[in-house]
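These notes are about the structure you will find just below.
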Amino acid sequence: MTSQPSQNQTVKYITLVVTAMGAFLTPFMSSSINIALPSIGKEFTMDAVLLGWVATSYLLAAAIFVLPCGRLGDLYGRKKLFLYGTVLYAASSFLSAVAPSAVLLIGFRILQGIGAAMIFGTVIAILTSVFPLGERGKAIGINVASTYSGLSLGPVLGGFLTQHFGWRSIFLLNVVGGLIIIGGVLWKLTGEWAEAKGERFDWVGALLSSLMLVAVILGFSRLPALPGVGLILAGIVALVVFVWWERRVRYPLLPIELFSQNRVFAFSNLAALINYSATFAIGFLLSLYLQYIKGLTPQNAGLILVAQPIMMAIFSPFAGRLSDRIESRILASTGMGLIVVGLIGFSLLSDHTPIAYITAILLLVGIGFALFSSPNMNAIMSSVEKRFYGIASATLATMRSTGQALSIGLVMLIFTLYIGKVQITPAYYAPFLTSVKIAFATFALLCGLGVVVSLVRGNVR
């Protein structure tokens, strides 16, 4: 007869594998579909704006629904939400693969984004529920490494599939991955992990948080135009009303005391928001720089840019294990410090900068991000009670999505101010390079602020 400890280890292993696959699939979809956009646009005769919604609809839906999904996991069971999310993700991936029109494809992508929100709104919470404090950092590190592996392999594998089998094959691959995850969940994940069962769901809070995120994300994409400013102001108003409502409702979507009375939780999430705001646009900026200023092909530029996520994937498990023994505040702050050094290095780019210099900085930033991400995530999840695991995981995911949107929005604002809405031709290379350097310098200052925020968060233990 199998011993109980052996069974527990098997459950832990299966949980780690299943959640790692979930963490891989969602970023893989995000990064791989970008390579396929030209093929999709050609097949459906889509203009640039409509084509952009193929990618944006997924990201926006995921950002809007992740917080409510995290709370639903706390109320009705994280396993259930994770399973239903994977089913929805796999089904919408299949529907996307057979979509006969652009409008239907975008609609199915929205459903896919909701499924993704259900997955990464619960995945870290499930890991935290299964792995005790002394093992949690290692498990989270492996999960984070899976996320970065998805980001790394997405463009490479997506390009291969699109070239040899067509863009629809990317979605079919996600169907296969989803079915494997579903099998693993039904086979070995026995817990429900619903510590907040019996409490009511805050529908008003969910609506207000969704309005806030939509307004802010869309607003930043339209700056500095007046509609962009108006949307951001509307988002701020929605935030104020959201906080007011959450303070008065009995069972809030996001308990405000997690921020007002939990220093580690509040400052760790703020550090995550700052970090993603300062780093997400690195790949975007360098992709343009390498192709416009250095004259590289898209394929060669992609091979250089993959250096950062490779380092993130390699070092994240190591950083996670360290955070089980060393205070997360020290590791995460050190990681952000390395990122600051890298951003300063990027702010010194010129048209004669060696490729080796750029690659070396990408390696440094990748290591810094790994040192920050896993320990910071471990700190957040270890600072709350079990009944808040889902909402804590979802809050972190919301910070990530919002930071990513703000990062791109800030770059677009700088581009608009320095080069205007013109096509980047050789005549505009000089102001373009200036705007890139200003963006990196701004990100370095922002990330420097993040180091301070990370340091003052306090200790988890």
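Any Cβ shown, glycine's included, is placed from N, Cα and C.
Automatic, uncurated: that is what TrEMBL annotation is.
Per TrEMBL, domain 'Major facilitator superfamily (MFS) profile' is recorded for 15-461.
Sequence-distant contacts of the transmembrane segment (12-30), counting only residues of its own chain at least 6 positions beyond either end whose CB sits under 8 Å from a CB of the stretch, comprise 55, 58-59, 62, 82, 86, 89, 93, 112, 116, 119-120, 123-124, 126-127, 130-131, 135, 139, 142-144, 146-151, 153-154, 157-158, 170, 174, 177-178, 180-181, 184-185, 187-189. Residues or ranges marked as transmembrane segment by TrEMBL: 12-30 (among others).
Using a Cβ-Cβ cut-off under 8 Å and counting only residues 6 or more beyond its ends in the same chain, the transmembrane segment (50-69) has close neighbours at 26, 29-30, 33-34, 37, 40-41, 81, 85, 102, 105-106, 109-114, 116-118, 120-122, 201, 206, 209-210, 213-214, 217, 253-254, 391, 394-395, 397-398, 401-402, 404-405. Residues or ranges marked as transmembrane segment by TrEMBL: 50-69 (among others).
For the transmembrane segment (81-108), the residues of the chain that approach it from at least six positions outside its boundaries are 19, 22, 25-26, 29, 40, 44, 46, 50, 53-54, 57, 69, 72-73, 114-119, 121-123, 126, 168-169, 171-172, 174-175, 177-179, 181-182, 185-186, 189, 390, judged by C-beta separation under 8 angstroms. Residues annotated as transmembrane segment in TrEMBL: 81-108 (among others).
According to TrEMBL, the feature transmembrane segment maps to 114-133 (among others).
Taken from TrEMBL, the feature transmembrane segment covers 140-161 (among others). Packing against the transmembrane segment (140-161) from elsewhere in the chain are residues 16, 19-21, 23-36, 123-124, 127-128, 167, 169-170, 173, 299, 302, 306, 309-310, 312-314, 316-321, 323, 370, 373-374, 377-378, 381: each is 6 or more residues past its ends and has a CB under 8 Å from a CB in it.
Sequence-remote contacts of a segment are chain residues at least 6 beyond its ends whose Cβ falls under 8 Å from one of its Cβ atoms, and for the transmembrane segment (167-189) they are 10-11, 14-15, 17-18, 21-22, 24-25, 28-29, 32-33, 36, 39-40, 43, 79, 82-83, 86-87, 89-90, 93-94, 96-98, 126, 157-158, 161. According to TrEMBL, the feature transmembrane segment maps to 167-189 (among others).
Proximity of distant same-chain residues to the transmembrane segment (201-220), defined by a Cβ-Cβ separation under 8 Å and at least 6 residues beyond the stretch ends, is recorded for 60, 63-65, 67-68, 71-72, 75, 227-232, 234-235, 238-239, 241-242, 245-246, 249, 251-254, 398, 401-402, 405-406, 408-410, 412-413. Residues or ranges marked as transmembrane segment by TrEMBL: 201-220 (among others).
Residues or ranges marked as transmembrane segment in TrEMBL: 226-245 (among others).
Within the same chain, residues 258-260, 298, 301-302, 304-305, 308, 328, 332, 336, 339, 343, 346, 349, 358, 362, 365, 369, 372-373, 376, 379-380, 383, 395-396, 399-400, 402-404, 406-408, 410-411, 424, 432-433, 436, 439-440, 443-444, 446-447, 449-450, 453-454, 456-458 sit at least 6 positions outside the transmembrane segment (266-289) and bring their C-beta atoms closer than 8 Å to a C-beta of that stretch. Here TrEMBL flags 266-289 (among others) as transmembrane segment.
According to TrEMBL, the feature transmembrane segment maps to 330-349 (among others).
Feature annotation from TrEMBL assigns transmembrane segment to 355-373 (among others).
Sequence annotations record features per position, and here TrEMBL assigns transmembrane segment to 394-418 (among others).
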Mind checking which residues of the chain, 6+ beyond the ends of the transmembrane segment (226-245), have their Cβ under 8 Å from one of its Cβ atoms? 204-205, 208-209, 211-216, 218-220, 252, 256
Please indicate, using numbers and ranges, the residues of the same chain that are 6 or more beyond the transmembrane segment (355-373) and have a C-beta under 8 Å from a C-beta there. 144, 148, 271, 275, 279, 282, 286, 290, 294, 304-305, 307-312, 314-316, 318-319, 331-332, 334-339, 341-343, 345-346, 349, 454
Within-chain partners of the transmembrane segment (114-133) [C-beta distance under 8 Å, separation at least 6 from its ends]: 11-12, 15-16, 19, 22-23, 25-26, 29, 58, 61-67, 69-70, 73-74, 78-79, 81-82, 84-92, 139-140, 143, 189, 191, 193, 324, 377, 381-382, 386, 389-390, 392-394, 396-397
Within the same chain, where does the transmembrane segment (394-418) have neighbours whose Cβ lies under 8 angstroms from its own Cβ atoms, ignoring anything closer than 6 residues to its ends? I mean 6 or more beyond. 59, 62-63, 66-71, 73, 117, 120-122, 124-125, 213, 216-217, 219-221, 223-224, 254, 258, 269-270, 272-281, 284-285, 377, 380, 431-432, 434-435, 438-439, 442-443
